[in-house]
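> The structure follows.
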Amino acid sequence: MKIFRILIKYEWLNFRADKGLLILTALTLFAGLYGIYYGTTEIERQRENIAALDVLTEHNVEEMKVKFLGDADAGDIGYYHSTFAVNHPDSWASLSLGQRDVNPYYLKLRLLNLQSQLYDTENINPLKVLSGNFDLAFVLVYLFPLLIIGLCFNILSAEKEQGTLPLLLSQPISLPLVVGAKLTFRMMLVLGLALLLSVVAMVWGQVVPDVRIGIWLGVVLLYCLFWFGVAFLVAALQKNSAFNAVTLLGVWLLLTIIIPALLNVYVAVKQPVPQALELTIKQREVVHAGWDKPKRETMNKFFAHYPQWTDTTEIQGRFAWRWYYAFQHLGDVAVEDLARDYQESLQARHQLVAQLNVLSVPVNVQGIFNAMAGSDLPSHLAFLQSASRYHDSLREYYYPFLFNQVAFTHADYDGEPRHSFTSSPDFATAYSGLVKLVVSVLLVYAVALLLFRVKEASVK
Amino acid sequence: MEFVLEAKQLSKVYQDKLALKGLNLQIRAGEIFCLLGQNGAGKSTTINLFLGFITPTSGAAYINGLEVARNVTEVKKYLAYIPENVMLYPNLTGLENLALFSSLAGFDYSKEELMEYLVRSGLPAEAASRRVGGYSKGMRQKVGIAIAVAKHAKVLLLDEPTSGLDPKASNEFSELLLRLSDAGTGIFMATHDIFRSKEVGTRVGIMREGELVDVLPAADLEANELEKLYLNHMHI
């Protein structure tokens with residue numbers, strides 16, 4: 001143990017004197033801090049925008065009250081008045097933004113047909129999507145492996161190339177002890193950095209302290225250990241530093257870019273998702289066709305879904321709001337199957353990715369982080385379902401005014417349902433990913449140790 | 001313990017090439033054995049077998065009575081090694097390099113003691129606190145000597161140790177070897193330097209194509225005779 005401590009101490013002295021490694025480590029630290037700043041700023045911006053929506057809704061109500069000074073027809077209010085379905089970020093979202101930048105985190109809703117309102121929101125900047133998120137999860141998943149590669153690519157080869165290995169091994173120490181000490185020092189450095197950044201992000205992001213603290217730190221630890229295992233495996237091949245560097249960068253490229261890209265292509269082919277645009281167009285056609293259909297036919301179809309309004313009065317004249325909302329509603333009913341297929345296809349695609357992510361540890365870890373932060377696709381789909389239910393509740397609120405032909409008063413604005421949805425963590429996905437990660441780590445170390453044992457004799 | 005270093009029918013074959021053929025050798029405490037031979041004669045292979053860097057194809061090497069192949073780490077407590085080209089950690093100072101290797105060998109010297117070892121080995125005191133990356137080959141060699149001396153080993157293995165040293169430093173090194181020999185250290189030195197062998201050696205061995213073809217007491221020979229004998233063995 002004393003020898004081990006001595007080796008660690010001199011690894012530190014060597015590291016301290018190596019400007020290149022110091023710069024690499026400092027850059028990773030700054031990238032991590034920037035990632036934390038980016039994540040917390042983005043979530044803070046989303047929170048501020050969501051908070052502003054309440055103000056917008058209040059303004060809209062005030063405008064309605066001015067526009068319709070006395071009692072109003074609920075049809076007018078349903079048409080002109082808008083409210084919002086909001087997806088509040090989980091407190092952990094700042095650590096892993098996931099899909100919160102590409103999917104809308106709020107929807108402006110009116111009493112009109114729902115489906116077009118679910119998918120016609122585009123509040124993203126394509127250029128920003130192209131560059132991607134620079135949150136802490138990105139730094140940990142994609143940049144930390146590069147730090148580990150930079151620290152470890154010549155862990156053994158440098159000793160051979162600079163000629164210090166013979167003198168070192170002429171001391172009463174074994175090669176596994178030397179390699180173990182070198183790896184341990186680097187692990188302490190990298191894990192210290194990763195854990196420090198994680199803690200800073202948790203404090204800065206004011207996360208809810210729950211079991212996720214342990215899961216996050218465990219995943220970070222295992223993920224770093226995985227990359228140390230890969231570096232150890234390549235070192236065990238006993239090749240020169242240039243070979244090791246190229247091989248490790250190749251593995252990084254393979255696991256972080258090539259395999260995810262291939263997975264994307266495979267999943268797109270294997271699990272095609274119908275276009276939301278197709279759904280929107282069909283729904284729009286049905287809604288527009290509603291103007292030309294006989295009112296009786298429209299209403300009968302509508303009453304089949306809402307028999308409680310069957311006995312309400314016959315539609316008279318060219319226009320009635322309840323007829324208008326009935327064919328709006330039937331537009332949603334017409335694309336019900338398409339809408340369900342669309343969401344189920346997205347869910348199935350996500351599940352397929354969750355099965356295949358065993359091929360790429362970075363993809364798996366990114367999935368764990370997103371699941372823990374409630375920023376993955378299932379969380380967004382849950383929000384859409386919540387928004388659908390909210391729209392249903394708006395209908396439930398307004399239909400009695402419309403079909404009983406009751407006037408909508410200023411006091412009735414207060415009775416309008418409000419929506420709130422907060423993304424929640426998906427622990428099942430996180431735990432399943434964690435198990436895969438543990439298996440990956442064990443596998444890589446088993447192979448590395450075996451290879452090291454086989455090749456150990458040729459080291460000197 | 002009668003012999004501090006011993007080889008019994010020690011052989012090493014690399015693929016189809018016989019690098020060392022049935023070496024039998026015993027070195028007592030205080031004895032200096034110089035092994036002469038051309039490049040590729042098997043001198044470095046012999047040293048690597050005693051260091052446990054390679055395993056013998058047959059036979060056995062012993063250090064302080066312990067079989068090297070079975071006690072690879074243990075035997076290194078009893079031996080020190082100076083390679084032909086001492087390579088050190090370039091980012092550490094001479095003092096730090098010596099402190100590292102000494103502490104790995106189990107010796108925790110004070111800074112003053114470390115400095116004394118370095119200076120006694122011929123390194124200028126002012127250089128000891130500079131990074132080794134700026135050292136000449138001769139300066140590194142002197143740090144290597146300090147590392148070996150500071151280990152107080154029973155056996156000293158030397159592979160062309162005076163390579164890179166100037167004549168004065170070489171002479172000082174010879175004196176150092178004689179002092180270590182007087183203190184009871186058994187020394188095995190592979191070298192090309194016939195005159196240095198005659199000067200410091202107790203016995204001189206001549207190795208050719210992996211075989212120890214002759215062993216002579218150095219005291220009974222003049223340098224010129226030794227050179228002739230060596231050249232005869234080499235068929236030059």
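Glycine too: its Cβ is placed from the backbone N, Cα and C atoms.
Copied straight from TrEMBL:
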- A:21-39: transmembrane segment (TRANSMEM)
- A:136-156: transmembrane segment (TRANSMEM)
- A:187-207: transmembrane segment (TRANSMEM)
- A:213-237: transmembrane segment (TRANSMEM)
- A:249-269: transmembrane segment (TRANSMEM)
- A:430-452: transmembrane segment (TRANSMEM)
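I'm curious about the neighbourhood of these features; can you describe it?
Listed by sequence, the residues of this chain that lie at least six past the ends of the transmembrane segment (A:21-39) yet keep a Cβ under 8 A from its Cβ atoms are 15, 93-97, 133-140, 143-144, 146-147, 150-151, 189, 193-194, 197, 200-201, 204-205.
A Cβ distance under 8 Å defines the sequence-distant neighbours of the transmembrane segment (A:187-207), meaning residues of its chain 6+ beyond its ends; these are 8, 15, 25, 28-29, 32-33, 35-36, 39-40, 43, 91-92, 94-95, 136, 139-140, 144, 147-148, 151, 213, 216-217, 220-221, 224-225, 228.
Same-chain neighbours of the transmembrane segment (A:249-269): 141-142, 145-146, 149, 230, 234, 349, 352-353, 356-357, 359-363, counting only residues six or more beyond its ends whose CB sits under 8 Å from a CB of the stretch.
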> In the same chain, who gets a Cβ under 8 Å from the transmembrane segment (A:213-237) while lying at least 6 residues past its ends?
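Answer is 92, 95, 140-141, 144-145, 148-149, 152-153, 155-157, 179, 183, 186-187, 190-191, 194-195, 198, 202, 207, 243-244, 247-248, 251, 361, 365, 368-369, 372, 430, 433-434, 437-438, 440-441, 444-445, 447-449, 451-452, 455.
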